[in-house]
Amino acid sequence: MALVNSSSVTEFILVGLSERSELQLTLFLLFLGIYVSTVVGNLGLITLIAMNSSLHTPMYFFLFNLSFIDLCYSCVFTPKMLIDFISENIISYVGCMTQLFFFCFFVNSECYVLVSMAYDRFVAICHPLLYTVTMSPQVCSLMMLGSYMIGFAGAMAHTGSMLRLSFCDSNIVHHYLCEVLPLLQLSCTSTHINELVFFIVVGGVITISSISIFTSYALILSSILRIPSAEGRSKAFSTCGSHVVAVALFFGSGAFTYLTTSFPGSKDQGKFASVFYTNVVPMLNPLIYSLRNKDVKLALRKTLKTVLF
């Protein structure tokens, strides 16, 4: 295959979180628990939204897609990560490039789904009379299609530029997954184009997402502060609280990871920091959107009554 012939390396060794053998079982059980919680939580939320017509609104349509992305996202690398704790941590060249593609695809897509959710809250609070028309099913579907297409384009850019590199000497990846920066450090050819692609794609995603979300919430805050009653302001704030927390966790942990990785001698710090946004955030999102959400709680009670009785 041309894919393999483009590089003398046919497989990579993933170092993982720790090379200490006495920690492998503990780490395996810990991340198995996180993975099971992630799958159950996101799959449960997807099922709940699909089964209850009361949740067939734009906000829950976006939440459905967010849970779908988190579910798929965690399945891209966590099963392999778990296997590596108890066996040889080897991944083929093709498997590594495939993992890189889907990792980039779901991360980029999630950024724009969060932007869509911020815009939905902006329309709901700032233009409530136009909400039904502005956030029609067609518009929501186009926004999600756009999120996935941009995610696909970003993933193609990263993976396509990675496939042009040659890996001649070391095949030891100092990470628990095939990510862009750890792989670039192994190349024996110039990575200038890859670094440029990384800067443009990642910088573009972060800039566009951040500006869009901050602008939406600045307008939302301005609108909320003009509400005369304290009860009205509190209700408006409560509809945004879950999304604000999810955005802060996702973008905050991602930014911290890449900032940490950029410092000299901080490979391990960046690797451990990335655990939060790759493993913990997908597990927390279903909890964030359900624990304080009356609609979800009510739908859950109705579903349980229907199933059990």
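Each residue, glycine too, has its Cβ placed from N, Cα and C.
Residues or ranges marked as domain 'G-protein coupled receptors family 1 profile' in TrEMBL: 41-289. Sequence annotations record features per position, and here TrEMBL assigns transmembrane segment to 27-51, 57-78, 90-108, 139-157, 196-220, 240-260, 272-291.
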Overall pLDDT of the domain 'G-protein coupled receptors family 1 profile' (41-289), taken as the mean: 87
Is the transmembrane segment (139-157) packed against any residues at least 6 beyond its ends, judged by a Cβ distance under 8 Å, and which are they? 58, 61-62, 65, 101-110, 112-113, 115-116, 119, 197, 200-201, 205
